[in-house]
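For A:Leu26, A:Gly119, the entry in TrEMBL reads ATP binding site. Per TrEMBL, the feature active site, nucleophile maps to A:Cys95. Among the features that TrEMBL reports, site 'Interaction with tRNA' is placed at A:His120, A:Gln329. Summarising the annotation, TrEMBL assigns active site, cysteine persulfide intermediate to A:Cys188. Feature annotation from TrEMBL assigns domain 'tRNA-specific 2-thiouridylase MnmA-like central' to A:197-263. Residues or ranges marked as domain 'tRNA-specific 2-thiouridylase MnmA-like C-terminal' by TrEMBL: A:275-349.
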Amino acid sequence: MSGGVDSAVAAARAAAGGHDVTGVHLALSRNPQTYRSGARGCCTLEDSRDARRAADVIGIPFYVWDMADRFHEDVVDDFVAEYAAGRTPNPCLRCNEKIKFAAVLDRAIALGFDAVVTGHHARLGADGLLRRSVDLAKDQSYVLAVLTREQLDRSMFPLGDTTKAQVREEAAARGLSVADKPDSHDICFIADGDTRGFLADRLGEEPGDIVDALTGAVVGSHAGAYGYTVGQRRGLNIGVPAPDGKPRYVLSITPVTNTVTVGPVEALEVSTVSGERPVWTGGALPDGPVECEVQLRAHGTPVPAVVTLQDGALVASLRSPARGVAPGQAVVAYRPDAAGDIVLGSATIR
Amino acid sequence: MAYLDHAATTPMLDEAIEAYAATAREVGNPSSLHAAGRCARRHVEESRERIAAALGSRPSEVIFTGGGTEADNLAVKGIFWARRAESPGRIRVIASAVEHHAVLDSVEWLVRHEGAVATWLPVDPAGKVDPATLAEALDDDVALVTAMWANNEVGTVQPVADLAALAAAAKVPFHTDAVQAVGQVPVDFAASGAAALTVTGHKVGGPVGVGALLLGRDVTVTPLSHGGGQERDVRSGTLDAPGIVAFAVAVETSVKTQREYAARVSALRDALVAGVRGVVPDVIYNGDPVDRLPSNAHFSFPGCEGDALLLLLDAQGVACSTGSACSAGVAQPSHVLLAMGNADDRARSSLRFTLGHTSTQADVDALISALPAAVERARRAGMIKSSR
């Protein structure tokens, strides 16, 4: 229970459904701030109190579990290391994989609980298939797609059939004071939202070249290649105009030479995406190509594709090229379905 | 529910509740000059006399406060300031390493903000201070010495009279936090030789939010709060007549019944310890086996995390404590267990069970029947943590 409205209503629904529910708030910061500031919706002492009050109102026991050390090792340090390696990580996905549905789940199972319930917006029905939320704008199946069959079998997402607006209404009806608490966004452990500054504090500034992919010419400089993401256009501060006068985008980041390579938008287009460490939860492992859609970043538009699993990798051949495919993000395969698109599998983009 | 957390707070005595309610129905500020005020004042002064008589002090030495934490702050900061004002070189505070946070954090605040220098007296593996370490630490620059009468976590009773005598010989005021001791073991302010002693209501069957600092007549303190000049000008603020009356009833009753209480509760505690050892053979019993509060049992459960065990016992209706300070509910390893020379793991694996005036054998039985399954599960959870 983060202290937000979603986990509060999820807990209330689980309790109302007859489960023996215990509320757990994760202390993820080694030095929590006293009060919320900006767009963060978790991790302060105020959020911890909000979660406790929600548990009181629901009538369930409540505890704070200290996961700060594991969170720092598995999520924050990983986040920094991924950027340092020129990739663009998704820390929410990593937190689900390593903390909420691993460290927390394992501890809960050992203590005698059957499952972890969260307020994620995704559907997980009796068929064991993970599907998009009915609220497509709030759908979080992308950051859950990394979960394995074993993890999903011990998870409950009671909010998947409910829109965010309905969740808020229900929270108000249940007397939960977090009903109109603002949504959280941004990365929870970067309080001011300044990701580049956060990385610069940890990785140091290291000036390098911005190179044009077509001409090989140095067209600008940067303070550290880790500050860039494939597909990025803004904030490049390139002094020399492109020969064709069109805007340039980040095509790749090469940490070894500390080089950011830029080029025209067409050069961003990829038609094959391959991912490592694949997970497949949408039924039996396929022995051949699978017609599906793939999503290549959080809130990205799904692209029709053919996916194959081969040699420990997931390879997606896109029906139409996609742009801004950043290594470190997840490629998630969905099968379109009237009852909510089904997550087939996922992998980390190389 | 099996309530085994009386050291956190214990149920109010019926006679204290009745005394509170009776006084709360009356009107009158004890500082007012009219009849209603005089009546309230009389309640307060009678209570002061009852507390003084029960604890071996003079009535004028009883300064009512809003509880133990305030009394500790007043003693530590107030005596430090007054002593330093008399002689600017007196900046050292000697304190035991196992003090309650009300003392510990007050000393650390003086270090950070007032230029104080702290000397922490170590404890032995049972949690006891060796008076020889105090003798060695005493010097001309010492503003005060503070050492608790009995420890709130492991229940170890300190050699308070020896420590007080050493401080007195060096002409240094000695404060003792006796919050856990009153009603559990004999406490006599005058006989102890202490210059200041903290006591609070809700550990002895009185209300929360009222306590007292017993302060020797010759000990000067600088006030923390300023206002109406109540309580020898040391503690301003309208006197809480109903709370004070109920506090006095609780102190008097708990002191009067202390011997039979201690006999009954220590037998129950010994049964609890034997029962725990019976179902968890490798459990470690912490604290001093002899010089110990009769109500306290404190264990380390190897391979378990205290907060996991607490959760599991709570789910079975058994209330206990990890005995450690919480901020945002996150358990820190106990400074007491660490000061006793234990590793972080053992400190985190500990639980405190404390009995009180309402405890029965049924409470102990409930714990012993819930404990084996809880320990088994907590060990499984603990193994995940250590295997990663």
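Using the three backbone atoms N, Cα and C, a Cβ is placed for every residue, glycine included.
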What is the separation, in Å, between the Cα atoms of A:Gln329 (site 'Interaction with tRNA') and A:Leu26 (ATP binding site)?
-> 25
Nearest to A:His120 (site 'Interaction with tRNA') in three-dimensional space, by Cα, is which of the recorded positions A:Leu26, A:Cys95, A:Cys188?
-> A:Cys95
Taking DSSP H, G, I as helix and E, B as strand, the domain 'tRNA-specific 2-thiouridylase MnmA-like central' (A:197-263) contains 10 helix, 21 strand, 36 coil
A:Cys188 (active site, cysteine persulfide intermediate) - helix vs strand vs coil (DSSP) | coil
In the domain 'tRNA-specific 2-thiouridylase MnmA-like C-terminal' (A:275-349), how many residues does DSSP call helix, how many strand, and how many coil?
-> 0 helix, 46 strand, 29 coil
The residue listed as 'active site, nucleophile' falls, by DSSP collapsed to helix, strand or coil, into helix
Just counting, how many other CB atoms are there within 10 A of the CB of A:Cys188 (active site, cysteine persulfide intermediate)?
-> 22
Give the sequence-ordered list of residues that share a chain with A:Gly119 (ATP binding site), lie 6 or more positions from it, and have CB atoms under 8 Å from its CB.
-> A:Ser2, A:Gly4, A:Val5, A:Asp6, A:Ser7, A:Ala8, A:Val9, A:Ala10, A:Ala11, A:Phe157, A:Pro158, A:Leu159, A:Val167
Rounded to the nearest angstrom, how far is the Cα of the residue listed as 'active site, nucleophile' from the Cα of A:Cys188 (active site, cysteine persulfide intermediate)?
-> 11
